[in-house]
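Visitor: Pulled from TrEMBL, these are the listed features:
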DOMAIN    492-681  domain 'Metallo-beta-lactamase'
TRANSMEM  25-42  transmembrane segment
TRANSMEM  49-66  transmembrane segment
TRANSMEM  210-228  transmembrane segment
TRANSMEM  240-261  transmembrane segment
TRANSMEM  304-324  transmembrane segment
TRANSMEM  336-354  transmembrane segment
TRANSMEM  366-389  transmembrane segment
TRANSMEM  396-418  transmembrane segment
TRANSMEM  430-450  transmembrane segment
TRANSMEM  457-476  transmembrane segment
TRANSMEM  735-756  transmembrane segment
Amino acid sequence: MNQLWLCLSVAVASGAFFAGRIPVFYGVAFCALIFLLVLWKADIRRSALVLLALASFLTGSFMYGAKDHGGEFQSVGIVKESRENSYDLSIPYFKTVRVLSRKAPTVGSRVRLKGKILKPELPQNPGGFNGVHYELSHRIKHTVRPIREEVGESRSLLSRSYGLRESFQRYGRNTMRFYFPKGEADLLSAMVYGTDSDWDQFQDLNTLNLIHILSISGLHIGLMVVMLKKLSKLLTLPIAWAKIAIHFSMLVYLFLTGFPVGGMRVYFALLFTDWGKALGQPVDPTYAFSFSGLLFLLANPFYIYHYGFLFSFLSVFAILFLYPKVKYVARGKGKWAEGMLLSATITLVIVPLLSSLYGKFSLMSIVANVFVLPLASLLLYSAVALSVFHLVFQPLAGIIALFLEMAMALFNGLVGFFADFSAGVPLPSFTVYDGFFYMAVVLIGFYFPFRFLTKKSGYFLIGYTLLSTAVSLFFFRAPDYDLLIHQLYVGQGDCALVEFPGYKALIDTGGSGFGKDPTAFYITPYLRRRNIRHLDGVFLSHYDIDHVGGIFTIAKDMKINRIYGPVATGKEDKAMGKKIEEEVGKIHSIEGIFPMKGGTIKVYPSLGKEGNSLSMVMELSSKGAHALFLGDLPAAEEKMLTGLDPKSTVLKLAHHGSKTSSSEELLEAVHPKLALISAGARNSYGHPHKEVLDRLKEHHIPYLQTKDGAISLAFRRGKIQVSVYDEASESSGDAIFFIWNVIFLGASAWIISIYLRERKTIWNQWISAAPIYSTGRRNTVWSRSGVK
């Protein structure tokens, strides 16, 4: 079986992917059917791949189903990593618990923990963050909010090991900061020691999609192996002992840097290669690559959801499997042309990942890779030398630091130059299934034997592609709506996407003053999923952080034409307004009725002076249907609003359903047919309050909450269609649809090929017995003059 290790890796990954997406019964039945079909047409070895996929599916389904449903947690563990707002605790049998605490215990200390297990967060908005996939891919057993923490010292081997890792990374950070400013020191320590850094400070690398060069990867391991091989020769070690020493040293280095995915991938490939040499067997690099992938997936099948794993393995897959197919294009044109072609091939393969993370890719990144990566190698060599001589001979370390400073200046200048001229190309949104089909098209493009096709079959394929595209476009109809409103889940905050035909805007942007940025988790992924690359407007109801804090993140990701908000008068409101105007754009104060295609936007005059009472009230209308947004308007101002005759078919409750708003007077005045509540799951404020829910019940007003999923309102001809996003049902439906499509396409291709093969006269009209270019004829629609 060709590429055995790759086939095994794909089998494990396939089983893990469908775990949690389709019911176990259907998965087992499907695998059983495929097993019988493969066994019928092939041998038992190929059938074993299906059994492996089934085992992976069942294991993954068990792990997925066993994820936390709440409860209490109590254990003793060793701190393996500590951050500002959380730390990771290693508990028995190699499990990790993430503790959400600001206590920040020292790495290696012993913690006796009692706390509440938090259920992983599933996507509440389309394209949103999946907490289950994150925890499974990062081997996190539980996420715990502590009730009691007792921190003490530990002298165990595990504690000393984690302490050694922390000391190693602290030494690296301090050494680099001894010679360089903080920004440059953080970059170098991240490259050499695997330290965590504030990635936002490397904005130019982010712009060029080159932030990966800061991670421990094959570049680092290759350097270390070369250095260790030279050292072993100087010490005249026997070959066998030299190999053992190199592998042991690599394992120690990888442990000290936190077992980075890219580094482990190269190490496993090196292990496979040396194993083959020891057995006297030649080792294909593609086999070594596939073997390392299989080891990762056997250790944790859910690495398929780990971005580091995907970037690393897809990039190397492009180098080993796709680049050789097109290498002839750059033959004889120099190393720079080969480098550009290699960079373009890698970029082509990782497009779905770039779409998911950034929503775009930089054209200049293809060029920048060719120039920046050699410089990054020079920085890495020099930084390693600096670290060594800082310990043994500091005068020489100072000279190296001077050289490194000049190299760093050139590196920063080059990165800045490319970033300034970077042309960001918007990428379409990819669901995971779109990504599969995209990769299938790429593989067909590289591997399909076009050179065997006759002119007739070539024209047929081109015509069929154009015809099917035209038919798809003909039958595709853009959604017919007058107004769309999507009330998004943003944790404890507010954000709604408003879409009139030809106009897209946000009402509030979410935000938080504590820890993670909810906008980056909830809003920007959703906008990318909807292929929204710019906003015509952003309406800020008032200046509380949970309503406006996300505008800074959104502005980094897309263009905002205009910002609207009330005139700030209070001290804190003025400070936030000033910050927004300095970093994002001018805030325009408006009121009145503004016509839109499909409806109107009505902005009411300010009813208060500062804080929540300043909230800008908006009424969106379309053909007699109305949606009223109140911000955080208190009850006193709500009473004032009733005198302005507001209309509301749908009422977005003020202040997340707090008892200080949603007064009896307002509910009686507008009497909506539906109420919306935007509040975070398990929020500490207790929103929505019981008093408000009781008022809604008394007035017979049904309500929906964003914590149950994003709420979509489609206004059509004066009627409103309401839907709530349900990740589980959508994921299951997509998976089943995908499976049936794959079965249909595979079966169709198989039946057609059998039909044509049985009628050799037809087959020979379409397929040439040998590559046409070898006969000297040019009767195909593809030029292949470069292929020999």
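Residue 1 is the first one shown; counting continues down the chain.
Note that Cβ sites are derived from N, Cα and C of the backbone, with glycine treated the same way.
What TrEMBL says about a protein is an automatic prediction, not a curated fact.
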Visitor: Is it the case that the transmembrane segment (396-418) and the transmembrane segment (366-389) have 3 or more CB pairs under 8 Å, with pairs at least 6 apart in sequence?
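Guide: Counting Cβ pairs under 8 Å (6 or more apart in sequence), the transmembrane segment (396-418) reaches the transmembrane segment (366-389), since there are 3 or more.
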Visitor: Please report, as numbers and ranges, the same-chain residues at least 6 past the borders of the transmembrane segment (240-261) whose CB is under 8 Å from any CB of it.
Guide: 81, 161, 164-165, 168-169, 193-194, 215-217, 221, 224-225, 228-229, 232-233, 267, 270-271, 274, 278, 296, 303, 306, 308-309, 312
Visitor: Is it the case that the transmembrane segment (336-354) and the transmembrane segment (210-228) touch, counting contact as three or more CB pairs under 8 Å in which the residues of each pair are 6 or more positions apart?
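Guide: These two segments do not touch.
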Visitor: Among 210-228, 304-324, 735-756, point out the range having the most Cβ pairs under 8 angstroms from the transmembrane segment (366-389).
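Guide: Highest pair count goes to 210-228.
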Visitor: Mind looking up the mean pLDDT for the domain 'Metallo-beta-lactamase' (492-681) in the predicted model?
Guide: 91
